[in-house]
Amino acid sequence: MKSLKTIDVAGKRVLVRVDFNVPLDDQQQITDDTRIQSAVPTIEYLVGAGAKVIVCSHLGRPKGKPDPVFSLAPTARRLGELLDRPVEMANTCVGPDVVSRIARMAPGDVLMLENLRFHPGEANDDDAFARALAALCDVYVDDAFAVSHRANASVDAVTKYAPVCAPGFLMEKELGAFGKALENPARPFVAIVGGAKVSSKLPALQHLLQEVDRLIIGGAMANTFLAAKGVNVGKSKIEQELIGEARSVIRQAAEKKVELFLPVDVIVAEKIDPDADRQAVSVDRIPADAMALDIGPETSRLFGDALKDAKTIVWNGPMGIFEMEAFAAGTKAVAAAVADSKAFTVVGGGDTVSAVHEAGVADRISYISTGGGAFLELMEGKTLPGVAALERNQPA
């Protein structure tokens, strides 16, 4: 892909697709502006280069029609604060009003379009809507890695009509990190997969078995794997219909000589409650009336040892119900072990990213991805629609 820095943007209208799908409270105040901060380097560069910067994003799920609850106005205000310059807010994302606003822009001006999902054509990857977006710009920049797994009009079809397309700096960083970790990893390569459901991670597990030297499985999804090995997991959450698939993963790991690590002890309680009585037990001694809610201390040590000599680590999914302090120790221990390793480390997925921040080790992770679904699809070996679209339309 051609680098943004090789394109002359001075005086040009540049449409930047960002992901400003940020959490808002009841007063429409932003509670976490990480995604806005992540896009600032690209926007600042374009402003400094004298471009007329048109920023577009979605927010929430407004069902293809305007809804003031999902207005991007709060993000425009925050972006203006971060850039230390005014950011004008449009009333819509396409149409005569937007065209006239852009016509009045001077080099270095920034305009935020209203929520793309207020238009039904966005989610449908609609050609007419994509043409209307492309008509607003001379250069299209995609800096929204976190939505690059969705074939939406502003990510996919727009690249068919925009005169010039390029990835933004965040997109370049994301793809560079994943290229280093997944396409040409230094070995030993270890993947850590956690979270609640085998069903959501199964394609990733199946692909990772072709790539990794070691596979660590934790979180509630590990219960299904333990059950597949004949362990009685008490009242722990399992996906009965996927026990066969779990057995298949265990068998394939053995066939491919991938070291597979599962919990050897767990923290159990009779209910999901921060004040519930809890204890660490071996996985073969889980009480019939209890459920596993975190990995135990022996497992934390086992997983930590499996990471010590790793050269590449990719982690997606917590080891327990880490949002409750009572069941957070396992996830924090793994976060510390990942941070302590000498490996190139990539962490992604909302819960996992929150965990490394809460564990106080975020500054010692090589790369923290902004992508959730996009991160997972790369772990599945898929080509992301947004990335394929950029590759399809490149300046000669």
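Indices start at 1 and increase along the chain as displayed.
Each Cβ is built from the backbone N, Cα and C atoms, and glycine gets one as well.
Annotation source Swiss-Prot lists substrate binding site at Asp19, Phe20, Asn21, Arg35, His58, Leu59, Gly60, Arg61, Arg117, Arg150. The ATP binding site feature in Swiss-Prot is assigned to Lys201, Glu323, Gly349, Gly350, Asp351, Thr352; the stated evidence is sequence analysis.
Cα to Cα, His58 (substrate binding site) and Lys201 (ATP binding site) are separated by 26 Å.
Sequence-distant contacts of Arg117 (substrate binding site), defined by Cβ-Cβ distance under 8 angstroms and a gap of at least six in the same chain, are His58, Leu59, Gly60, Arg61, Pro62, Lys63, Gly64, Phe70, Ala123. On its own chain, Asp19 (substrate binding site) has Arg35, Ala39, Ser57, His58, Asp143, Ala144, Phe145, Ala146, Val147, Thr370 as residues at least 6 apart in sequence with a Cβ closer than 8 Å to its own Cβ.
Taking CA atoms as the reference points, Asn21 (substrate binding site) and Asp351 (ATP binding site) are 16 Å apart. Residues Lys201, Glu323, Gly349, Gly350, Asp351, Thr352, recorded as contacting ATP, have a largest CA-CA distance of 20 Å.
DSSP assigns Arg117 (substrate binding site) to a helix. The candidate set comprises the binding-site residues His58, Lys201. Of these, His58 has the most other Cβ atoms within 10 Å. Burial estimate for the binding-site residues (Gly60, Gly349, Gly350): highest at Gly349, by number of other CB atoms within 10 Å. Mapped onto three states, the DSSP output places Thr352 (ATP binding site) in helix. Neighbour counts of Cβ atoms within 10 Å were compared for the binding-site residues Asn21, Thr352, and the top value is held by Thr352. When each of the binding-site residues Glu323, Asp351 is scored by how many other Cβ atoms sit within 10 Å of its Cβ, Glu323 comes out lowest.
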